[in-house]
Amino acid sequence: MKILVINAGSSSLKYQLFEMDGTQVLCSGIVERIGLESGIITHKTFDAEGNETKTKKELPIPNHNVGLTEVVALLTDAENGVIQNTDDIQAVGHRVVHGGEFFNETTVITAEVEEKIRECFQLAPLHNPANLQGILDCTKIFQKATQVAVFDTAFHQTMPGKAYRYAIPTELYKEHGVRVYGMHGTSHKYVSKAAIDHLGLEGKDSKIITVHLGNGCSMAAVRNGQCIDTSMGFSPLDGLMMGTRSGDIDPAVVFFLMDKLNMKSEEVYDLLNKKSGMLGVTGDSDMRDIEARYNEGDEVAILATHMYTYRIKKYIGAYMAAMNGADAIVFTAGVGENDHGIRKYAANELEGLGVYLDEAKNNKLRASDIETISTSDSNVKVLIVPTNEELEIAQQTLAVLG
Ligand SMILES: Nc1ncnc2c1ncn2[C@@H]1O[C@H](COP(=O)(O)OP(=O)(O)O)[C@@H](O)[C@H]1O
Ligand SMILES: CC(=O)OP(=O)(O)O
Ligand SMILES: [Mg+2]
């Protein structure tokens with residue numbers, strides 16, 4: 001069975017096509033810089049031995065629909081395509097960031113499900129509209145396929161009330177669903193499970209702290225494979241410092257901006273979501289640019305890097321307290337897998353908590369497989385586990401189809 005996975009982000013669209021009998025990846029790719037002057041499509045195909053052929057295209061991609069049309073053209077290309085026509089796809093698995101309290105598991109998409117995804121637009125304005133657009137487009141293009149939604153929020157639905165409730169009047173939770181939801185759940189689930197398997201902790205009282213550092217960043221405390229706390233909240237704006245999002249901030253700042261600087265609520269929302277985080281402090285949002293500036297001794301980049309990693313460190317402490325210890329801290333996603341400086345500053349000087357980083361091992365730039373970067377006698381293991389949200393989505397899609 002061929003399952004296509006679509007991970008539509010705010011400015012990108014990642015995809016992978018799987019042959020699920022034996023789980024072979026037929027092709028994968030990313031459409032980046034959607035909506036900007038020039039977009040980039042990187043497309044990789046794989047033969048039965050896993051050998052890779054890569055093509056790269058630069059062209060304007062004004063919206064996700066154009067991006068998806070380009071992807072379909074690559075999939076069905078007469079010479080280099082991996083399928084003959086769109087009817088070869090039996091299912092499309094979609095990443096949907098926010099499922100509110102509607103969904104705690106993977107779901108076949110119906111008109112009613114689409115409506116509920118729409119109802120969650122306000123909770124994830126950078127993500128859910130793009131996710132729904134991807135679903136609507138794929139329904140038209142892949143007419144024989146079952147469309148399935150895998151929610152970022154689902155994995156976090158096991159959190160207890162003491163972790164997911166805000167200390168505000170109860171009716172705001174009961175009548176309006178104002179609570180912590182948490183995101184990146186597919187990734188936290190995938191990497192925590194991989195760490196549990198890797199460390200032989202299946203069936204034991206396992207305590208894993210997962211640190212997902214991409215453009216959006218979040219952490220989770222995972223006890224016995226279940227999420228008990230996470231750093232993103234009602235929306236993907238909360239918690240860690242991110243590429244363009246502020247993360248934790250005193251809500252009084254919002255009123256200050258509105259009352260003293262006459263900003264409208266949507267301007268404040270835009271500021272905290274799109275103009276803050278690393279971008280707000282340094283002018284750059286991509287960690288590669290910030291790393292280069294750091295290495296040149298740029299003081300602003302140095303400050304921002306330490307703000308970013310200090311907050312991760314504080315959450316590590318919080319989650320070790322929440323679980324009364326930890327077996328492992330797991331770094332993942334674009335920054336977590338690639339940036340050894342970020343891992344170093346986030347996980348060094350934690351010997352008091354039993355975390356001993358092996359700096360030489362950590363200095364590897366890129367982890368394509370699970371790597372241990374703590375010393376052999378570290379009580380708490382520090383791992384890099386490359387995430388694979390697309391594989392997790394494909395497996396959950398297959399499971400829901402029975
Ligand atoms: N080699 C690298 N070194 C440092 N950071 C990197 C590297 N490669 C990618 N990144 C970072 O990873 C981020 C994207 O991560 P990703 O997990 O793809 O995020 P998202 O899914 O949120 O778009 C980029 O913004 C970039 O900062
Ligand atoms: C929820 C979220 O922040 O997703 P991403 O990191 O893909 O932007
Ligand atoms: Mg991501």
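Using N, Cα and C of the backbone, Cβ positions are placed for all residues, glycine too.
For Asn7, Glu389, the entry in TrEMBL reads Mg(2+) binding site. The Cβ of Asn7 (Mg(2+) binding site) lies under 8 Å from the Cβ of Leu13, Lys14, Tyr15, Arg95, Glu389, Glu390, Ile393, each of which sits 6+ residues away along the same chain.
For the recorded site, Leu213 (ATP binding site), the DSSP three-state label reads strand. Residues or ranges marked as ATP binding site by TrEMBL: Lys14, His212, Leu213, Gly214, Asn215, Gly216, Asp286, Met287, Arg288, Gly334, Val335, Gly336, Glu337, Asn338.
Annotation source TrEMBL lists substrate binding site at Arg95.
Under the DSSP three-state reduction, Asp152 (active site, proton donor/acceptor) is assigned to coil, being neither helix nor strand. Annotation comment: TrEMBL describes Asp152 as active site, proton donor/acceptor.
Around His184 (site 'Transition state stabilizer'), the same-chain residues at least 6 positions away in sequence with a Cβ under 8 Å from its Cβ are Asp152, His212, Gly214, Gly216, Ser218, Ala220, Met232, Ala333. Annotation comment: TrEMBL describes His184 (among others) as site 'Transition state stabilizer'.
Arg245 (site 'Transition state stabilizer') has a Cβ environment of 28 other Cβ atoms inside 10 Å. Mapped onto three states, the DSSP output places Arg245 (site 'Transition state stabilizer') in coil. Under the heading site 'Transition state stabilizer', TrEMBL lists Arg245 (among others).
Arg288 (ATP binding site) carries a helical DSSP state (H, G or I). The two recorded residues, Glu337 (ATP binding site) and Arg245 (site 'Transition state stabilizer'), show a Cα separation of 20 Å. The binding-site residues listed here are Lys14, Arg95, Arg288; among them, Arg95 has the most other Cβ atoms within 10 Å of its own Cβ.
Asn215 are the binding-site residues among Lys14, Asn215, Arg288, Glu337 whose C-beta comes within less than 6 Å of an atom of ligand 2, given in sequence order. For the binding-site residues shown (Asp286, Glu389), fewest C-beta neighbours within 10 angstroms: Asp286.
The secondary structure of Arg95 (substrate binding site), as reduced to three states from DSSP, is extended strand.
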